[in-house]
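**Q** In case it helps, TrEMBL gives these features for our protein:
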BINDING   Gln110, Lys126, Glu147, Ala230, Ala231, Leu232, Leu233, Glu304, Asp319  ATP binding site
BINDING   Glu147, Asp319  Mn(2+) binding site
DOMAIN    194-403  domain 'FAM20 C-terminal'
ACT_SITE  Asp299  active site
Amino acid sequence: SKLAALFEHPLYNTPVPEVTEKDKLFNINPTEKFSLRSSGSDEWVSSSKAETLLPTGKTAYDTYPTWLKFHIGINRYELYPRRDPLLPTLLRDLATQRIVSSVQKSGGTQLKLIMTFPNYGQALFKPMKQTRDQETPIDFFYFSDFERHNAEIAAFHLDRILDFRRIPPVSGRLVNITKEIRDITKDKKLAKTFFISPAGNVCFYGECSYYCSTEHALCGKPDRLEGSMAALLPDKTLAKRRSWRSPWRRSYHKSKKAEWELNPDYCTQVRETPPYDRGHRLLDLIDMTILDFLMGNMDRHHYETFEKFGNDTFLLHLDNGRGFGTHSRDEPSILAPLQQCCSIKKSTYLRLQLLATQPYRLSDVLREALAADPLAPVLAEPHLRALDRRLGKVLVAVGRCLAR
């Protein structure tokens, strides 16, 4: 296993800073137990109402569902640890747990659903809109591209292979539109959009600002539909997140250019502007840039951080559905922050060099990681080969900076 060998490599075993109580997203009562009412109402029961005695050798933490353990594990330095024993269980839960509720997520340009499980865990479902081998047409603007369910799955695994660990876990899943969406939804607006197509397939389109119409309906075969299931982050009422506009945001206009596209010295003013004037925020943003270039994602207008940790924390790499749209061409402008600032974390550079070597080739380790997903093969082979080509271009860009 190349993937196992990669994670055993010394570059993937560097020490993480010690996590103190103030570095944890949540400080929990270690005696609080999690239980579900036997009546089947699927609701929280606090320790005062739960069984006072636990099975021998068990702690209160052992009663928590996997999604809650994931939330509790988030800290200033990482969304989840490198060797996270929870990860296989969490991915399996996303792929197999019974869905008890499906409602449309508000906002956004395309249809997304929030699925709830019996243990109160929740996931964001992005349905399949295109086949694996469809490329984004060359005349499409980045802001009118489809979001791809398989891009969300591949982005999670790529982010982990790069050792960023800033994307919440994502699994593929085959969903029954009739039983797991239409028949159980309490979302009246969503419910009104279901119909049977001329081919006899169950379809729906929801309500959103861009691709929600009968022309862009999502149809099953006859009611089976692929999609990505992403573990939701803690509710914003419990863990506030701050949204930051990316300094290298595109204009989102058909003819206007952004300032960074016109000013080659743009990075100088970014370096003088908070929060990029101190700490590792700019270097974290360049990490995200490299992830986006490898995926071909031009749609990174904002990013988020957990408010509790201020400026000294990682960036969340959310919404990756517009990645992996093209494999036959690369988009060099995505690398503008790296090229204009000529800065990169040493640890990131060393790992990129490692992933360009034969024993740890990026396409090979990602192919292996994706093979375990329920929807494998997640990416068409040309996309995997494009990763190796793009990785070479990132290393050339860093080489030019070193030469300068």
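Glycine is no exception: its Cβ is also placed from the backbone N, Cα and C atoms.
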**Q** List the binding-site residues among Gln110, Ala231, Leu233, Asp319 whose C-alpha is within 10 Å of the C-alpha of the residue listed as 'active site', in sequence order, or say none.
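**A** Within 10 Å of the residue listed as 'active site': Asp319.
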**Q** Among the recorded positions Glu147, Asp299, Asp319, which residue has its Cβ surrounded by the fewest other Cβ atoms within 10 Å?
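**A** With the recorded positions Glu147, Asp299, Asp319, fewest surrounding Cβ atoms within 10 Å: Asp299.
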**Q** Would you please pick out, from the binding-site residues Ala231, Leu233, the one with the fewest other Cβ atoms within 10 Å of its Cβ?
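**A** Relative to the other binding-site residues in Ala231, Leu233, Leu233 has the fewest Cβ atoms within 10 Å.
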**Q** If one looks at the chain holding Gln110 (ATP binding site), which residues at least 6 apart in sequence have a CB under 8 angstroms from its CB?
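**A** Correct list: Lys129, Phe146, Glu147, Cys208, Tyr210, Tyr211, Cys212, Gly321.
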**Q** What is the maximum Cα to Cα distance, in Å and rounded to a whole number, among the residues Gln110, Lys126, Glu147, Ala230, Ala231, Leu232, Leu233, Glu304, Asp319 annotated as binding ATP?
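**A** Site span for ATP, by Cα atoms: 20 Å.
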